[in-house]
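Visitor: Not my notes, these are from TrEMBL:
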- A:17-243: domain 'Cytochrome b/b6 N-terminal region profile' (DOMAIN)
- A:45-69: transmembrane segment (TRANSMEM)
- A:113-134: transmembrane segment (TRANSMEM)
- A:146-166: transmembrane segment (TRANSMEM)
- A:178-199: transmembrane segment (TRANSMEM)
- A:211-236: transmembrane segment (TRANSMEM)
- A:265-286: transmembrane segment (TRANSMEM)
- A:331-355: transmembrane segment (TRANSMEM)
- A:375-394: transmembrane segment (TRANSMEM)
- A:414-431: transmembrane segment (TRANSMEM)
- A:519-541: region 'Disordered' (REGION)
Amino acid sequence: MSTVTNTQKKAPAGERVADWADGRLGIYTLAKANMRKIFPDHWSFMLGEICLYSFLIIILTGVYLTMFFHPSMNEVEYAGSYVPLQGQLMSEAFNSTMTISFEVRGGLLIRQIHHWAALIFLAGMFVHMMRVFFTGAFRKPREINWLFGFLLFFLGMFTGFTGYSLPDDLLSGTGVRFMQGAILSVPIVGTYLSMFLFGGEFPGGDFVARFYSAHVLLLPGIMLGLVVAHLILVFVHKHTHFAGPGRTNDNVVGMPLLPVYMAKAGGFFFLVFGVIAIVAAVATINPIWAIGPYRPDQVGTGAQPDWYMGFAEGLIRVMPGWEINLWGHTLVLGVMIPLAIFPAVLAAIAVYPFIESWITGDKREHHIAQRPRNAPTRTAFGVAWITAYMIMLVGGGNDLWATHFHLSINAITWFVRIFFFVGPVIAFIVTKRICLGLQRRDKDKVLHGRESGIIKRLPHGEFVEIHEPLSQGELYKLTAHEQYEPAALPPSVDDNGVERRTGALEKLRVKLNKSYYGDDNQVAKPTQEEYKEIQNGHGHH
Amino acid sequence: MKKLSARRRHPLAAVVVLLLALAATGGLYAAFAPAGTAKADVTAQSLAIEEGKKLYSVGCASCHGTGGQGTTDGPSLVGVGSASVDFQVGTGRMPAQQPGAQVPKKKVIYTQAEIDQLAAYVASLGAGPITPKEAQYDPAGADAAKGGELFRTNCAQCHNFTGKGGALTYGKYAPPLDGVSPKHLYEAMQTGPQNMPSFPDSTMPEQQKKDIIAYVEAVNGDKTVSPGGLTLGGLGPVSEGLFAWIFGLGALIAVAIWVAAHTAKAKKS
């Protein structure tokens, strides 16, 4: 008894604090389980970190901005220091944003960091999502986390949009009007929805306050929860890694969280903050003083949303202005169809993991990140999707394409209309060909080695290039991927000679499966026999 | 008086009266009919018109017709006024280089004196807007804030919020207003060149034009400062998005590659 009390007295202060905390928070078990968590090293695995840190930067700068921003539509006369607006009537929201930009210490820099970080956050999420997509890192067990990530991107778009609308400047007001137009185009309930959202006729006196609560509380609250869930799942699933010597589906090779990744990630946070701060210090964003306060009777050309809403802008811009008049009611197809395509484009990429797993019938766990070339059909689909997205971005900026490349805006609009459908098909075919070509090249490299660039002349006069055999590790990297047999329909009659019924859905699945694993859709990787035969038989050639 | 009336029958009286009458008539004529200066002006004017006509025949007539009546290649110039000529030729748009959706601004090839002569000739074809005097377009003392409001109401839908230009249909465009002189801004509003609507004094009084010119000078002039840094063309979210992707995310990915390449190595593998 006495010895126990003795040792307790001798314990150093740090240990006692840790012990005190552990008794109440259980941090020891948590830390023990996670401190040695391994993260693989690859630059593309840090894209998610860029998103996380820019999100944190947005929250930090956003908190600062809330201290000076007045989410109110009350009309005031500008009396600040920017001369070309003095005496103009504007909402308090615009006025306070002007104050932030010109009077608050560091206000403009913080505002610009906030806005640049938002653009970079969304761009980072887009690239991160594509990285996950093209390496097949969304496969079991990560489908739910893929959806969480997608939801973050989706909510990020709307958080960005509501934030962009808050200063109540002429540009964002036009954007809000655009959104109201889209809401109005919804059959039957459109007008009611619009009246409900704006508290009456557009723009009314309510929308800034409502967008404000959505922008600073509702949407970021949900996003923060999703970010935490996203990270917990990363810990639970462990990180994927690329195949290589010692890197298999059952392990993770990399550096531990503590101390290596803590230092790396912590340092990377400051690097991200630094880069965004430099961008914000160098280039202006959303110069509301130049744009002016919103008035529904005014508009400027080049009224575009931030980039992440650009493809929605494109959909509206290139859609012909069709409408149907029925019994005194107008069905505005010119807006309603884009409004329907907008979520459909996003849903196409969101549900892809589930469609792929249904087509391939692959329900096993995957922890190896695939090389895009080894999944040609998926890669081709992804590139086709990006192509459609990018073509719509061109449509969204058609006026700037016209002025900068001296083209007719009408010609661009027609190009976008046609290539929204044709472009993805071309991209799909071309990408698939490229992937298969790269697979063939890999096969060639495995069997014949790397081209050394050294030309040798044989005694009888023939010139040959010397091929260097690959190292064992490189050979493994190029041949580690699994290849599947295409699915086949069961025989049309069963063992008893009775006709077997195969559903149309199953037939479709088998057909699609062949487009993944059929003869023309993957290049069989070299077998050991082939390799040995070449190595022993012909040698280099 | 008596002295005068006593001599009214003097033989020389008629001569005196005649002289007085002639002097009065001549004096009144000289006072009320400024014949001398008018004659000089008319001479200078007709000389300018003469010279202008010569220049016109060489540089303009192939499209606008020998008498400014217009052809299939160019519109009639009757009634466009000297302000139109001063703008079109003074900004280098005319003579046009080639037909197209719109005639672009280019190097000015005439001197101001020649432009004035051309303007005089075209003005002689029919009444139209007159080249403004400096007092009309000088933005000094005008209200830039009021001008901003007018600009956003009347101009921004084609020329963008701060006059950076914008696209119109079928390859036409509203040109950027960077570096356009107050006189040319005024003339453009007054005459409505090419695809631009005109804003005559009846719809937009002189003072409002001055306000607009003051606003354009304030937000898109040589002395305009951008408080937030590079304006990226002042084109709005498209150029901002491009910048965020290339210099924001691009730089961050470069940094990520650098961080990932410098890992802690326990053992050389």
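Easy rule for this one: first residue shown is 1, then count along the chain.
Just so it is clear, glycine is given a Cβ too, placed from its N, Cα and C backbone atoms.
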Visitor: Mind checking which residues of the chain, 6+ beyond the ends of the transmembrane segment (A:178-199), have their Cβ under 8 Å from one of its Cβ atoms?
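Guide: Distant Cβ neighbours of the transmembrane segment (A:178-199) are 161, 205-207, 210, 305, 313, 316, 331-332, 335-336, 338-339.
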Visitor: Sort out for me which stretch, of A:146-166, A:211-236, A:375-394, has the most Cβ pairs below 8 angstroms to the transmembrane segment (A:414-431).
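Guide: Of the candidates A:146-166, A:211-236, A:375-394, A:375-394 scores highest.
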Visitor: Which range out of A:113-134, A:211-236, A:265-286, A:331-355, A:375-394 gives the transmembrane segment (A:45-69) the most CB pairs under 8 Å?
Guide: A:113-134
Visitor: State the residues, same chain only, that lie 6 or more residues beyond the ends of the transmembrane segment (A:265-286) and have a CB under 8 A from a CB inside it; answer 'none' if no residue qualifies.
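Guide: Counting only partners 6 or more residues beyond its ends, the transmembrane segment (A:265-286) has Cβ contacts under 8 Å with 46, 49-50, 53-54, 56-57, 109, 112-113, 115-117, 119-120, 164, 167, 169, 171-172.
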Visitor: Are there residues at least six beyond either end of the transmembrane segment (A:331-355) with Cβ under 8 Å to its Cβ atoms? List them, or say none.
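Guide: 129, 133, 138-139, 143, 146-147, 150, 154, 181-182, 184-187, 311-312, 315-316, 319-325, 378, 381-382, 385, 388-389, 392.
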Visitor: May I ask for the residues of the chain that lie six or more residues beyond the transmembrane segment (A:113-134) and have a Cβ under 8 Å from a Cβ within it?
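Guide: Apart from its flanks, the transmembrane segment (A:113-134) reaches 44, 47-48, 50-51, 54-55, 57-58, 61-62, 65, 142, 146, 149-150, 152-153, 156-157, 159-160, 163, 276-277, 279-280, 283, 285-286, 306-308, 349, 352, 372, 378-379, 382, 386.
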Visitor: Give the mean pLDDT for the domain 'Cytochrome b/b6 N-terminal region profile' (A:17-243) on the 0 to 100 scale.
Guide: 93
